[in-house]
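Colleague: Once you've had a glance at the structure underneath, I'll fire off some questions.
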Amino acid sequence: FAKLQMLDALNFSETVYGLGAGIFFVGYVLCGLPSNLALNRFGPRRWIGLMMITWGIFSTCLLFVTTPVEFYVLRFLTGMAEAGFFPGIVLYLSRWYPNQRRGRIMALFMSAIPVSGLLGGPFSGWILNHFAAGQGGMAGWQWMFL
């Protein structure tokens, strides 16, 4: 959703934005296996917490982007930080819940993905429209990352 205002504000082309979106997955794929190995070494509680903190920091830093290179670097780092989250949560839930409850818990976790899109879309639109006037010295797309 940030793309709607970000391209014009930063004078990015569709190609620049598309490459940045793709670079996210390069970081995600490259760090998937190492992240899962670290998950086993440090434990899900510590590793998932670290992933969430770094993921949040890198995502928030996107509001300061002014050049394509900054955008690419932060998208790559965000992909790296997010890489082990999904398998980490699955591992954590499998250790926490007994076999007879695990299927229901996994289904509940998986159902949060479409629900987040259902709720996040309108909320993102509200943020873009409400803060479009540059409140606080930032554009609507920047508020999305805050």
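Heads up, the Cβ atoms here are built off N, Cα and C, so glycines get one too.
Relevant sequence annotations retrieved from TrEMBL are reproduced here:
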type: DOMAIN; residues: 1-146; note: domain 'Major facilitator superfamily (MFS) profile'
type: TRANSMEM; residues: 16-35; note: transmembrane segment
type: TRANSMEM; residues: 47-66; note: transmembrane segment
type: TRANSMEM; residues: 72-93; note: transmembrane segment
type: TRANSMEM; residues: 105-128; note: transmembrane segment
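How about a rundown of where these features are and what they're close to?
Modeller: Counting same-chain residues at least six beyond the ends of the transmembrane segment (47-66), those with a Cβ under 8 angstroms from any Cβ of the stretch are 2, 10, 35, 38-39, 74-75, 77-78, 81-85, 88-89, 92, 138, 141-146.
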Colleague: Reported in the order helix, strand, coil, what are the DSSP residue counts of the domain 'Major facilitator superfamily (MFS) profile' (1-146)?
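Modeller: Once the DSSP states are binned, the domain 'Major facilitator superfamily (MFS) profile' (1-146) shows 126 helix, 0 strand, 20 coil.
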Colleague: Residues sitting near the transmembrane segment (72-93): Cβ under 8 Å, six or more positions beyond its termini, same chain?
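Modeller: Result: 19-21, 23-32, 34-36, 38-39, 44-45, 47-48, 51-52, 54-55, 57-59, 61-62, 65, 102, 105-106, 109.
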